[in-house]
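See structure below.
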Amino acid sequence: MLKNWWKILCFLLLIYVSVMGFLVKVPVLDGRLQQSVRNLFFHVPMWFGMMILLSVSVFYAIKYLRNPKPVYDHYAAEFARGGIVFGFLGIVTGAIWANYQWGSPWSGDPKQNGAAIALLIYMAYFVLRGSMTDIDKRSRISAVYNVFAFAMLFPTLWILPRLTESLHPGGQGSEGNPALNPNDSTPEMTMLFWPAVIGWTLLAVWITTLRIRLQLLTDKQLEHE
Amino acid sequence: MANKGAHIITLIKKDLLLEIRQQYTFYGVLLYVASTIFVVYLSMGEPEPAVWNALFWVIQLFVCVNAVAKSFLQDNKGRMLYYYSIAGARDFILSKLIFNALLMMLMSLLSLFIFMLLLGNPILYLVQFIGLSFLGGIGLSFIFTFLAAIAAKAQQQAALMAIMGFPIIIPQLLLLGRIAKASFSPILQAGLWQMVLLLVGLDILIVLLAIILFPFLWKD
């Protein structure tokens, strides 16, 4: 029970976010945006989840390279998988919102493109894993690729969209960071936004740990056969 | 340190000598460049500057994949082991990076020449554009050299290179295309130097990563 406090916290936070996300008072910014600004509590945390999970994946890839234990490889692979799922959810929640706000689900915005590139890179990671049958070699080479891809991706993901004009906040000539323009937010929204980020990230970690446990059990079963 | 430098130079000389004797990569890629650009010329004549720019970088990408993919194939496993025992993994990858960068610079220059010959010359600032195509060629060759090393280990060269490389290279190509736009119009873009610095920073990052990560690929 004590060990699982964070799962309870995750559950409580997400209940809070799901209820208050629809009830909290939001400022009416312009005729178009209206209540859809509530997407902040559901769309933006997906990206936080993705980036945190992918960072954890790289952390374990480096750990594997320093000390080649199969457990670390499972951690790296499953955190990358979880990151992809959350990235995909981020794209979908963004596309539904953009369909009403920007007129089409996909408008080739720098951040949309960046997200799509991130997903492609990590799908390539799984293709690379699938192409090798030798487990030791697969773990080592995919760990190398994981570190390399992460280092190539994230500088561009963090720097490039700020240099160009964008429909998202935080582009060239618009205020704020890539997540939100602080002028559009109220203190009540901020109080809900950070619990949402923590809650969704915890959910992502929860899903991933379940998959890791499954992998480890499958490994164990294979050893006994 | 001097010893290390000598190792690297010897390895580069070895690659260069192999290249001059076999003349396989150079003429193969040259033919590839020339025929691709000729096909583009036949199908669209002289394109607009924006299209010219996009085509140039896309063709650079494919040239790079073709030129660099071979770099870990021409040596068989026994010989690799030999290099490893006499020179060490870091010297080996550094020599490959430098050799491929030189090769790619030459290829960039040649394809730029054929581009201007067949597709017209919309460039206003030629010297800057040549400099940028060198920088772009070096960046592309660094990334693909490292990916070729990974793909060589996975034993599925061509397909894997494309799958791994193309998503990773997109941000760089976007940057290159955007910087290159400045050579086509007399108006100076804002944030141009920022982007060039970002590109140089990325190149340095790739070299560092290659030096750190390559020994792990080599351990067999």
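The backbone N, Cα and C atoms fix where each Cβ goes, and this holds for glycine too.
Whatever TrEMBL says is automated annotation, not expert-curated.
Now, the feature entries from TrEMBL:
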type     : residues  : note
DOMAIN   : A:11-153  : domain 'Cytochrome c assembly protein'
TRANSMEM : A:5-24    : transmembrane segment
TRANSMEM : A:44-62   : transmembrane segment
TRANSMEM : A:83-102  : transmembrane segment
TRANSMEM : A:114-131 : transmembrane segment
TRANSMEM : A:143-160 : transmembrane segment
TRANSMEM : A:192-212 : transmembrane segment
Can you say which of A:44-62, A:83-102, A:114-131, A:143-160, A:192-212 has the most Cβ pairs under 8 Å with the transmembrane segment (A:5-24)?
A:192-212
Cβ pairs under 8 Å with the transmembrane segment (A:44-62): which stretch of A:83-102, A:143-160, A:192-212 has the most?
A:192-212
Quick one: do the transmembrane segment (A:83-102) and the transmembrane segment (A:143-160) have at least 3 Cβ pairs under 8 Å, skipping pairs fewer than 6 apart in sequence?
no
Work out, from DSSP, the number of helix, strand and coil residues along the domain 'Cytochrome c assembly protein' (A:11-153).
116 helix, 0 strand, 27 coil
